[in-house]
Amino acid sequence: MAKVKDQICGMLVDEKTAKFFSVRNGKTFYFCSKGCKEKFEGKGGEMVQEKSLENSAKEEGMEASKAKPAGSPGNSKNSVFAVSGMHCASCALSIERNVSRMQGVKNANVNFANERLTVQHDESIDSNAVMKAVESAGYKAMPLDFSNAPESQGSSLSLKVIGMNNPHCVGIVEAALKNKKGILKAELNFATERASIAYNPSIINAAEIKRVIKGAGYEPVEESLDKEKEARLREIRVLRNELLLGVVLTIPVVLLSFPEIFGSFLKDPLRLYVLLLLALPVQFYIGKRFYKGFWISLLNKTASMDSLIAIGTSAAFVYSLFATFKPEVFGTEVYYDTAVVIITLIVLGRYLEAIAKGKTSEAIKKLMGLRPKNATVLRDGKEVQVEIDEVKAGDIVIIKPGEKIPVDGVVIEGHSFVDESMISGESKPVEKQKGSQVIGATMNKNGFLKFKATKVGKDTVLAQIVKLVEEAQGSKAPIQRLADKVSSIFVPAVILIAVISFIAWFFLLSMPFPFALSIFIAVLIIACPCALGLATPTAIMVGTGKGAENGILFKKAEALETAHKINTVIFDKTGTLTKGQPEVTDLIAFEASEQALLETAAIAEKHSEHPLGEAVLKAAAARKISLKEPSKFEAVNGKGVIAEFNGKRLLAGSRILMKENKIETSSFEEKIQELESQAKTTIIIASGRKALGLIAIADPLKENSAKAVQALKRRGLEVVMITGDNERTANAIAKEVGIERVLANVLPQEKEMQVKKLQSEGKKVAFVGDGINDAPALAQADVGIAIGSGTDIALETGDVVLVKNDLQDVVAAIELSHYTIKKIKQNLFWAFAYNVAGIPIAAGILYGFGILLNPMIAAAAMAFSSVSVTGNSLLMKRYKKKAL
């Protein structure tokens, strides 16, 4: 094994097994310990000259390695964290800045609405480093799905390990895990009590890993959405308690602030002292969250919503404090009521906002709630009830009538109908028999099923759907950039406006100090960056959630936004407009029998993976023709196949293939055209230089293809069909569904070019395909829509995945995009309009008309502005997919 020198301590380190490494100028350096790595990155990386490093490495027989092993910083991953403590868009921007500065982090997005941080990072980054970066910004983070191992290396698990009393305990747990077969990687952090584990799910599962940790004497607790839910509920409880205390204290403060009414009960200065005593806990106990946020903002050299509240209420409180103890200088008019009412109203707003924000993520909660907790599996020939986490790939699972299917698999025995509406949106129960695929979380209706588990844990369709929805909700739509830019300068601008307003009224217009102070406070308090921060993400969250409920999965927020701009939709023919199940309809033999013609074609197509070849093989099997093995086989992309059998050269394909091989087709051209006009694809079968006959194949259209095309056309969209078929066959199929523009004779590798050509005409293009053969075209399109089949939702290509194989969902996806963008624009309009109108009014622009905004009214308006924006987004939950 090649060894290199640790550049800090000089120890020889095996580069293949080294856990600690760092990259400098494209070279990877390895270290014996975390301490050496940190020293190198902290100062050694800058102090040690590149030349001496290379020379040092050569002394060990090799240069500083440029190779990147699995787990090195070259590979990219996405990780999700729950973040607590944010109160406005400025908080989110502070976290993004801190995390983005980390070496190895490519991108960091914070969704203020669902309090999630999504980090795109090198695999060298661990969760603890990200959490520290978040904590340094003054907030708390909890990993929801983090792994240092690439997906290809297995599944991941994040656990909190309770009971570790000293660093030695870390070694005990790590040793116990690493000695267990199936564990690929195990890293524990004593300070945070967290374990990051990568494992092979086909050998070991999460439940067994927990048992290993328990066996070592410690208690494992899985970090999950339940923990996040607990944190959210805890925050709501804290806000509720603070609100109740604020109301109890605020009411007497407000009443005692009217000496003309209550002066007979308490005379000054006693009344002022009582007001101070009542206001103190509101200002500094309930209001401590605002002071904490203000302090964090100062540390991060930013300004947030908390800054405005802290400055505004402190100004009122401090002035009142001086007036209480120096009435001969400041008078007896105090503003304790202003300070406490503002704080109480804002806490009320945050309480309502927290409840509303929780409702925006209900779609994910519903999806997670679909998963059954237990499963019945066969172990040693006996039926055993196990937790769902204990089910392994390869297990035989028993499903009785009325039971939920726990994991994905393939039926090996039994017959039933399964309700898959909760996953795909398909209302009719789907028939299942031997060989059928079943999806976890769907409901078995009336029959008995026995199936082999194929996908468990994070690999199931349900888990993939949840992951896609979370990623979409964690991403940012381009329309949000405007709000982010405004939010980044909003608070400093508001403070500046408040100061200028105070100076203008007090110094230039010679108004009384209390009047100018009231203006200053009102400007600070009415401003609301929260509404701007919530306008887009709350709508995106509800929109992607509604999509998931209907089997429409948007992979990114950008796709949800862009879809409403689409004016041209390209449909691939095979498997998209058609069922993708072509069948032989005609056999036309020129000399030999139909049976002989089909046998020759089947030999030529024996190793073909093309749908037309599969149709030939299926027809041969139906006629009980034994499939013989060709000695040679070649697939000619987009043209057909060439094979060799018993010394003869066999061809099956298009006119082009025949022409290239000098085989005459003119004598039967008229027959080919007749078949093509019937929307049939014709394969010419030849041996040597002689054509033997024709095989006509038809691929029936999907039930809703014509409806979907007509619905798109009614909405003013251009619809195009693209296919490798010849023009006559293509036009016949296009006519059936009502498509006028056809791109025929297009080879698979040319589809991307056709998309570019349409885009060059200034069109916004959506490409609808199967997600596998059409990968380049899907990637090139403005929105790539991949048609799934219920189990292929994790397709790499495609911005939108349709779980149900129904083209009506293409229309629904575009409609949902229009609806979501409409809500986002409404939210942004009201958020901007509120601030644009509210701030000048608070500054006293209408004072000449007798209108002056009381700071307490400003607080009420500010508190409810963000609630109203969130509430408008929640109205989207009423959305229902229209029937075509």
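Note that Cβ sites are derived from N, Cα and C of the backbone, with glycine treated the same way.
What TrEMBL says about a protein is an automatic prediction, not a curated fact.
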Range among 47-75, 656-684 that TrEMBL annotates as region 'Disordered': 47-75
Residue distribution over DSSP helix, strand and coil in the domain 'HMA' (77-142): 22 helix, 25 strand, 19 coil
Cβ contacts under 8 Å made by the transmembrane segment (334-352) with residues that lie 6+ beyond its boundaries: 87, 236, 239-240, 242-243, 246-247, 249-250, 253-254, 257, 272, 275-276, 278-279, 282-283, 286-287, 290, 309, 312-314, 316-317, 319-320, 323-324, 514, 517-518, 521, 525, 855-856, 858-860, 862-864, 866-867
Feature contact check the transmembrane segment (828-850) with the transmembrane segment (489-509), CB under 8 Å, 3 or more pairs: yes
Folded-back contacts onto the transmembrane segment (272-291), same chain, C-beta under 8 angstroms, at least six residues removed: 87, 242, 245-246, 249-250, 252-253, 256-257, 266, 306, 309-310, 313-314, 317, 320-321, 323-324, 327, 332, 334, 336-337, 339-340, 343-344, 346-347
The transmembrane segment (515-536) and the transmembrane segment (243-266) contact flag, 3+ Cβ pairs under 8 angstroms: no
Same-chain residues at least 6 beyond the ends of the transmembrane segment (856-875) whose Cβ lies under 8 Å from its Cβ atoms: 113, 337-338, 341-342, 345-346, 348-350, 352-353, 356-357, 359-360, 521-522, 525-528, 530-531, 534-535, 538-539, 541-542, 823, 826-827, 830-831, 834, 838, 842
Distant-in-sequence neighbours of the transmembrane segment (828-850), which means Cβ under 8 A and at least six residues beyond its ends: 479, 482-483, 486, 490, 494, 497-498, 501, 505, 519, 522-523, 525-528, 531-532, 534-536, 858, 861-862, 865, 868-869, 872
Secondary structure content of the domain 'HMA' (155-221), with strand meaning DSSP E or B: 22 helix, 24 strand, 21 coil
Surrounding residues of the transmembrane segment (243-266) on its own chain - C-beta under 8 Å, 6+ positions past either end: 274-275, 278-279, 281-282, 285-286, 332, 334, 336-337, 340-341, 343-344, 347-348, 351
